[in-house]
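What follows is a set of notes on a single structure, which appears directly below.
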Amino acid sequence: MASRLCLLLLVACIAGAFAGDVIELNRSQREFDYFALSLQWPGTYCRGTRHCCSKNACCRGSDAPTQFTIHGLWPDYNDGSWPSCCYRSDFKEKEISTLMDGLEKYWPSLSCGSPSSCNGGKGSFWGHEWEKHGTCSSPVFHDEYNYFLTTLNLYLKHNVTDVLYQAGYVASNSEKYPLGGIVTAIQNAFHITPEVVCKRDAIDEIRICFYKDFKPRDCVGSQDLTSRKSCPKYVSLPEYTPLDGEAMVLKMPTEREAL
């Protein structure tokens, strides 16, 4: 009886110590203020592709992404900073196995590299996003499945590709579009101001932001669009030319096709 009591006390002490470590990690980074859904334009990102591999969606030929794809759903602070790697939670792909078709289509890796994990190793693109950002999304999310499922649903509900297409902004290696017009199209569709990130004059990412209850809100980085720190006054949505040289036009899908 005494030995059993000692064992129970030992287990309790170990559990308490582990819980204390987790609490301390969470306390070191305060709770986030809002979410940023970051979307990548493959025509810009894939232009830097020099090597192909099976996991790189830029190398899928006619099956390569033809619309904005998900980079991540990021907990952010109102001061422009963000938490990261809030607690240790090793990524387990089997937890999201039922979401794999949607993830491969809408949240693919656009690189052959293996991103670093919060634990010092290398892993998958999805694993990186969960460990760096998903672990900081508490108290909204506590598990991988709901984090990835909600991100997919937000992406499908806020179809930026279709919004731009309807406004006349289509993929082109020759056309330049007014940054203000692109921002206005998104404002009219979702009643918020996005953040736009460019590589030189090409749109690289567009970010749509949400309160913790997933109601849309302005992004912090959108508050000074007139400075155009990242993007010039006129921007492009480049087409992607695969490595084999065969031009592949990134066609804008309709809302029905995106679903």
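Using the three backbone atoms N, Cα and C, a Cβ is placed for every residue, glycine included.
The record in Swiss-Prot pairs Cys58 in a disulfide bond with Cys46, which is drawn from Cys46, Cys85, Cys86. Looking at Cys136, Cys219, Cys231, the record from Swiss-Prot puts Cys198 in a disulfide bond with Cys231.
Annotation in Swiss-Prot places Cys86 in a disulphide bond whose other cysteine, of Cys6, Cys13, Cys136, Cys209, is Cys136.
Looking only at Cα atoms, Cys86 (disulfide bond) sits nearest to Lys132 among the binding-site residues His71, Phe125, His128, Glu129, Lys132. Spacing of Glu129 (RNA binding site) relative to Cys231 (disulfide bond) is 25 Å (Cα to Cα, whole number).
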